[in-house]
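Please read the structure below before turning to the comments.
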Amino acid sequence: MSFGFSIGDFIAVPAFAFKVYKLCKDSTAEFQDVSGLVISLHCVLKEVAKFSDDLDPDQQEQLVIIGSRCQGVLLQLERLLLKYATLSTKKYRIWDKLRWGLEDVKAIKGRLVENTILLNSLNTTFINSSQSRVEVKLDKYTAEIRAGKRNRSVLSCRSMESLVSHDGQAWSKLRKELEAVGISASVLEQHQQFIIAWFDEAVSAGALKEGCKGMIPSQDPSTHCSASYTTEGTTLTGRTNVAEWAEAEGIGIGSWPRDSSVDENDRTKKQDKLDECLPIAIRDRNITWAEELLDSGANPDCCDQVGRKILQIAFDYDDVEIMALLLENGADASVITTEPTTTLLHHAVSGGHIKVVQLLLDKGANVAVGNDRDETGLHVAACHMQQAVVQLLLNKGADIDATDTTGYTALHVAASVGDRTTMQLLLDAGANIEAADDQNQTALYAAVIHRKIETVQLLLERGIPVNPRERVKQTALHAAALAGDEMIMQLLLQNGANIEATDSWDQTALHVAAAYRKGAIVQLLLDKGANIAARNVGKCTAIHIASDGSYESNGSMMSQREAIITILLDKGADVESNDKKGNTPLHYAAIEGNVRILRLLLDRGANLGATCRDGKTALHNAAQRLRLEAVQMLLEKGVDVRVKDVFGRTAADYVAVNSSDSAKTRGGKAAITQVLNAAMEEATGGDIEPLCLTTDGDCKEPLVCAAEITSSECIALAYWPTGLGMGGHRDFHTSLRLQ
């Protein structure tokens, strides 16, 4: 049962649904499409709420589960309605609304439809179940009249006409009689049409006359629900045996028409009724009734109103005895559950229901069948650490090296969850310790990446190769560096792991540790002799990697990166090392604007004026990406603002041609342009000449470049030291193309 939500809470859900419906109707067009689904859910909730006081515990539990789900989706929708009601209608907010329409509303609509369907099915079940209980009490009423236990009924053909015409006096008399057998006034009103039809048939057949033995019931007695029948001297309680009932009523079982004399339509109706009652019997956990229904021809593979196989219902109610009964009567042991392509065996295995697993396998369930991810029962048992079930499946012939869609065997799974016992069972049973997944990784990699040291130890003890026999995307040592687990790293190195092994990008474990800020691993690898100058496919060393990365404002993360760079430099890393394009660690730090890293590198001897193959300095990189703080810091350190790259561009030129046009970047470009112009004026003594940008033979001045991208802030500042002003350039009006 859902925590925090009870059957009493369900009563408030219909009103809440109507409140949300009104919010949808009063909201924008994005929500009005949802209002129809909400009002549909509201209507079904109201119908189902009528049954809340007349349900057995199992039915209450079903209602609570679905009611909780309905409340959840309505709360989510209400929060979105309140959130988007406050959104501005300005142009830049339109995208927020569109994004909601594309992403959130689809999921909410789906959940509303799903819950409405479930409630409708549950409502139908409640109606049928409620009618069945009413029918039982009417049967009891009839039996007592025939047995002389009760006065003759007030009903006759004439009084039936009064009931049909809703005569108040006739209903008052009937209500008094039916209250004596447990049918309350509210139930009488709720099932009025059903009761009228039932009495109409009974009166027509003379069944309400005292001593009558010849009334043919309105349906095959094998389909009667719960009963407490009183006949002459005999009381039959619970689910009655068909033959006993017929004998007590003076009706020979042979008087019932057999299949040869019954048309196909009658047989279909009888079968439908049997199949409708069987799920009810199973939910009531009444094995006697279920057995009688099966003996009368009920289908052991039929479904309930929501499409669940009855074998699954018995499993959900943890009733192994009824499951055995269904399987003995031919139920499919490999039944697919309401969760697509997942068998009942998978569910039983995951929960460790060993008796159910044994029963299903004994009755023919396929031990090798997979779910939608090709996981067999053995995969699932390993995942949920069900050692006893693992042993049972192995005894039943499970394929020990079967693979799922990722190439994982049960050994991979057990290694990744850290289940040493299951791994021992699998290895003792002959599992291939070197089995590789679709990334060519063994169970050792799975254990390492999930930081399961006990299974790592077991695999190493059993002789798994610590170094891959073929080239792989990453080795176990790379995985240990990524996970940042020092103990596993030590264990792998002690068992012969190659410290210089490279992945598919030619990275060593040292590169990986530097990239993911694993300072302790960096220190450990260097202490164990890792090559500090090792280069990846881009010819980057570990110090390049450590200097790179997205800008980190979090102080602890920055401190970790600084600590790694310090470790590398203390161990002899070359601060002037060049990558494939000639970039130094200083260039990398400037790209992301890491001011603290820039300062650390410069303090440790980095060349402020170092250029890459394109002739760019760190200042070019910082200016091109509008890193204002980095630009200011580099200028404070004395970088030459006049340096041009191989294309003839200065740092200021790259600011001018930056095409970013958000409010934030416009302000950043203006600020950086002002800083660079001030530095240029100081460097040239106030004599700033227009700087030439040579591209495919065309010569463009910075002002023209700025004008071409309509960067008005940069245009206003580009020539401010010369006093030319906004109108002082001959190309201004033609270049700006003002509208």
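Backbone N, Cα and C define each Cβ position, glycine as well.
Positions annotated as repeat 'ANK' by TrEMBL: 306-338, 340-372, 373-405, 406-438, 439-471, 472-504, 505-537, 581-613, 614-646.
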Positions whose Cβ lies under 8 angstroms from the repeat 'ANK' (373-405), at least six residues beyond its ends | 345-346, 349-352, 354, 357-358, 361, 367, 411, 413-414, 417, 419, 421-422, 425-426, 429-432, 435, 437
In this predicted model, what is the average pLDDT of the repeat 'ANK' (373-405)?
-> 95
For the repeat 'ANK' (581-613), could you work out the same-chain residues 6 or more beyond its ends whose Cβ comes under 8 Å from its Cβ atoms?
-> 543-544, 546-552, 558, 561-562, 565-566, 569, 575, 619, 621-622, 625, 627, 629-630, 633-634, 637-640, 643, 645
The correct DSSP tally for the repeat 'ANK' (472-504) reads 17 helix, 0 strand, 16 coil
